[in-house]
Structure formats: C-alpha cells, structure tokens
Amino acid sequence: MIKVICVGTIKERYFKEAAEEYKKRLSRWTKIEEIEIKEEDENKYRNVEMLLKKEAEKILKHIKEGQYVVVFDINGTQLSSEEFAELLDRKVSKGEEIVFVIGGSNGLADAIKKRANLLISFSKLTFPHQLFRILVYEQIYRGFTIIKGIKYHK
C-alpha cells in the first residue's frame with residue numbers, strides 16, 4: 001500500500017482530475033491512500049517554526065510504526081526514474097507500506113524529516129504545491145510501469 005500525505009489541498013479542477021487519473025491507473029497495482037492535512041494559517045502563529053510543528057503533529061498521527069517514510073525535500077537525494085522504481089519494487093514486493101510526505105508552502109518541520117527513512121529531491125527548482133503532487137503521482141505510476149515492463153517510460 002502507498003499512502004500520500006499532503007499539506008494543503010488541490011484547488012484547481014484540472015489538477016484534481018490529473019491526480020484522480022493517476023490514482024485510478026495505479027489502483028490496478030496497489031492501494032493508494034491520500035491524506036490531506038489542512039495548511040495552517042500563518043497569522044495564527046508567532047513564527048513559521050510553530051506553524052510547521054503544528055502541521056508535523058497532524059502528519060505524524062497518520063504515520064504508523066514500521067512504515068517506510070519518504071519525504072520530499074529540496075536537499076534530498078535525487079533518483080532516476082529507474083532508481084525510484086527499484087525503491088517501490090523493494091518495498092511493495094515485501095508488502096511494506098510506503099508513506100510519501102509532501103509539505104506545504106512553508107516546507108516541513110525537522111521532526112518529519114527526522115522520521116523519514118529517505119529524503120528525495122525531484123529538483124533544486126521550486127514547484128507549486130498542487131503541481132508537485134501530480135509529479136509525485138506520475139513518478140509513482142512511471143515506477144510501476146517500469147516494474148511491470150509496460151511501455152510508458154522511455
């Protein structure tokens with residue numbers, strides 16, 4: 001099973017449709033659970049660290065002992081699509097649950113990064129939160145097509 005925990009929601013219909021399409025495609029190979037954590041209102045907190053701490057508490061409630069946690073972070077390791085597929089294959093073939101965590105516009109608290117088994121960076125570029133979620137789903141889908149030998153990845 002794959003769980004995707006996201007801080008914030010997708011607002012634009014076309015991004016929602018893209019996410020749903022990838023989740024539908026993936027459903028033939030794995031169960032996908034998406035959890036949206038409400039992004040905290042910056043005006044309620046004295047500083048960003050307090051805001052991130054509150055979001056981290058909400059995220060950690062959805063991560064169980066023994067789950068393999070992958071956090072997306074600009075300073076993480078960059079993987080090729082083939083390496084990402086190998087990671088998926090290693091974990092899914094053993095029946096392990098993988099949890100992908102996507103931070104909000106303020107990033108993620110250190111507590112989440114410390115809980116991670118792996119920090120991954122797709123790029124040094126900054127992406128809009130909603131678009132990044134689609135990129136994650138696409139890479140998970142691409143990974144499974146590589147694993148299954150389906151012609152999609154070139």
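First residue shown is number 1, and so on along the chain.
Backbone N, Cα and C atoms are what each Cβ position is placed from, and that goes for glycine too.
For reference, Swiss-Prot has these:
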BINDING   Gly103, Phe122, Ser123, Lys124, Leu125, Thr126, Phe127  S-adenosyl-L-methionine binding site
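Swiss-Prot feature annotations superimposed on the structure.
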residue: Gly103; record: S-adenosyl-L-methionine binding site; contacts (Cβ under 8 Å, 6+ apart): Val7, Glu55, Val71, Phe72, Asp73, Ile112
residue: Phe122; record: S-adenosyl-L-methionine binding site; contacts (Cβ under 8 Å, 6+ apart): Phe72, Gln78, Phe132, Leu135, Gln139
residue: Ser123; record: S-adenosyl-L-methionine binding site; contacts (Cβ under 8 Å, 6+ apart): Gln78
residue: Lys124; record: S-adenosyl-L-methionine binding site; contacts (Cβ under 8 Å, 6+ apart): Ile74
residue: Leu125; record: S-adenosyl-L-methionine binding site; contacts (Cβ under 8 Å, 6+ apart): none
residue: Thr126; record: S-adenosyl-L-methionine binding site; contacts (Cβ under 8 Å, 6+ apart): Ile74
residue: Phe127; record: S-adenosyl-L-methionine binding site; contacts (Cβ under 8 Å, 6+ apart): Leu135
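Excluding Gly103, Phe122, Ser123, Lys124, Leu125, Thr126, Phe127 themselves, the residues of that chain whose CB lies within 8 A of the CB mean position for the S-adenosyl-L-methionine site are, in sequence, Ile74, Ser121, Phe132. Binding of S-adenosyl-L-methionine is attributed in the record to Gly103, Phe122, Ser123, Lys124, Leu125, Thr126, Phe127, and the widest Cα separation among these residues amounts to 15 Å.
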